[in-house]
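According to TrEMBL, the feature domain 'Phosphagen kinase C-terminal' maps to B:23-248. The ATP binding site annotation in TrEMBL covers B:26-30, B:85, B:119, B:170-174, B:201-206. Residues or ranges marked as region 'Disordered' by TrEMBL: B:342-361.
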């Protein structure tokens, strides 16, 4: 019997694929079978993202085992697991980005040009960032004040920093 | 309840102003935004969806945005909005808690609870990336004062799909590329785009074939690139494609003028005299006639008429226009009748304005 894919070499492997609960059997030769294994999803109407994900995770069996273990962690807010994410490449809630933080860099490197945002910053976030910077600056001056044994100044600076910190935390609840 | 003008079978305003440029049809900007601490629409409950819908609707009501909640529209009305490119097929499907909020002038709108909580969109005729972005950005900056966006200092705006992460910006330009298609240059162009961080598709978005030689070029990358860079790069790519299309048109005129002219006038003939027309054939003929107008072969049909026809040949708008539910085989007949009317009317109008040459040539 000839391989159903290349129609040339002798078929040696029966490949069974599950697609939406439907089983399909294909008789393939060694060469086509190995080739098809990595891109068979591409042949069904896969979106580019899915293609990328399957190619990325289309790793040998011994490595897949390791990955499965990692993927059982779920997002604490929406209970989505990384395995579920891989199915359609979509997250469940903003907290997923925290939950799967470690998985992101390799994924983003493939999808995007970089792994860090360089564009627009919302006004509120901008204000928070400048507040954080001011607190840091005060803390540094406070440190030098302590080193120079100007404790009264240091105490004043400490109160100032605390007030700003309260403002920063208060801003979170708005 | 009176019907919203947006649901009528008219050319949407983003297509109305006939652009000077004969290759670029329109520019579209989309910003994906989500509200922190809420699950993304795909996992949200009906209550969560309604809550977000109400919040955004009330915020925008004060700014003269009309609300079109999906569950208050008929299937045909939703289809009309999809065909006018005002909403995505996904939003039309979602119904409960999903809305389109649209500004009075219809240039800026927001899809609520599509794939992300908010999809701010801005549409402009012709190539106007900066103008379209500014309009969307202005609304975004207003909304961020009242809504707490899901934003991460490192990752930017957090979105359902990591392909939108970062800026959440998708900028796209709709182009009419008949000469590049005819000379088989599109395949190569489509293949080289990803290397530039861009993607070319048929007009009906992801995974669809091109209809009437209309393509959409958009940025693929949203993270690690600023909004300004994304727009600048897309502008450069669009300009290059326009130049190549112009060159291909010149070459066609130079080398195959008669074949080209024949093809164009046959298409006009088909549109004016055919008794049944599928949407594919109609789209192809309209594309040829548009090219004919651009190249100066056809003088008695306006680009505005072609734009109007392009819209009307679609399934939903055709039914909305004729105000009847049509079986598929009846549609082709109605489509042909409608196109005949549209194109002969403009023919007689212009004919009185001293158009003589056509028959003599």
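One-based numbering along the chain as shown.
Any Cβ shown, glycine's included, is placed from N, Cα and C.
Features recorded in TrEMBL, as mapped to the structure shown.
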{"residue": "B:26", "record": "ATP binding site", "Cβ neighbours (10 Å)": "23"}
{"residue": "B:29", "record": "ATP binding site", "Cβ neighbours (10 Å)": "27"}
{"residue": "B:119", "record": "ATP binding site", "Cβ neighbours (10 Å)": "26"}
{"residue": "B:172", "record": "ATP binding site", "Cβ neighbours (10 Å)": "25"}
{"residue": "B:201", "record": "ATP binding site", "Cβ neighbours (10 Å)": "19"}
Three-state secondary structure, which DSSP defines for residue B:29 (ATP binding site): strand
PLDDT averaged over the residues of the domain 'Phosphagen kinase C-terminal' (B:23-248): 92
